[in-house]
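**Q** Can you read through this structure? Questions will come right after.
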Amino acid sequence: MRTPAQFLGILLLWFPGIKCDIKMTQSPSSMYASLGERVTITCKASQDINSYLSWFQQKPGKSPKTLIYRANRLVDGVPSRFSGSGSGQDYSLTISSLEYEDMGIYYCLQYDEFP
C-alpha cells in the first residue's frame, strides 16, 4: 500500500511543468489623478505568466468589469482610452485621458496558473 507522500510524488511526476504559487504585486496601491491626465498602473508577477493577465475595474456596489484580457486585448465595449501592455513578469494598464467615470478600483489577475 502506498502512503500519501508516495502518491503525491507520483502526481508530481505527471505534472513536470508545475509551477509554484504566483505572487502578483500591483502598484501604486492608491493614487489621485486629475481629469484628462494619463494614468498607468503596473502589475508584476513573481514569475513569467505568458501574458495570461486580465485587468478589471470595480465600482462601489458593483461586480468587477473586465477591461483587458491576455495582457493587451481590449474587451468589446471598453473605451479605447484603456490599453494594456507587457509580457513575462511585467504588465501595465494605461488610461490615456482620465474621465470622471473611470473612478474606481482597478486590479490585475493572472490566469496562467490556478491555486
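The first residue you see is number 1, and the count goes up from there.
The backbone N, Cα and C atoms fix where each Cβ goes, glycine too.
Swiss-Prot feature annotations, pasted as is:
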SIGNAL    1-20  signal peptide
REGION    21-43  region 'Framework-1'
DISULFID  CYS43-CYS108  disulfide bond
REGION    44-54  region 'Complementarity-determining-1'
REGION    55-69  region 'Framework-2'
REGION    70-76  region 'Complementarity-determining-2'
REGION    77-108  region 'Framework-3'
REGION    109-115  region 'Complementarity-determining-3'
**Q** Using a 10 Å radius around its CB, how many other CB atoms surround CYS108 (disulfide bond)?
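**A** Taking all protein chains shown, CYS108 (disulfide bond) has 24 Cβ neighbours within 10 Å.
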**Q** I need to check the long-range neighbours of the region 'Framework-3' (77-108): which residues 6 or more away from its ends have a CB within less than 8 Å of a CB in the stretch?
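**A** For the region 'Framework-3' (77-108), the far contacts come to 24, 26, 33-49, 51, 53-60, 64, 67-68, 71.
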**Q** If one looks at the chain holding CYS43 (disulfide bond), which residues at least 6 apart in sequence have a CB under 8 angstroms from its CB?
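**A** In sequence order, MET24, THR25, GLN26, SER27, LEU53, TRP55, GLY86, ASP90, TYR91, SER92, LEU93, CYS108 meet the Cβ cut-off.
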**Q** For a three-state summary based on DSSP, what are the helix, strand and coil counts in the region 'Complementarity-determining-1' (44-54)?
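**A** When I sort the residues of the region 'Complementarity-determining-1' (44-54) into the three classes, I find 0 helix, 4 strand, 7 coil.
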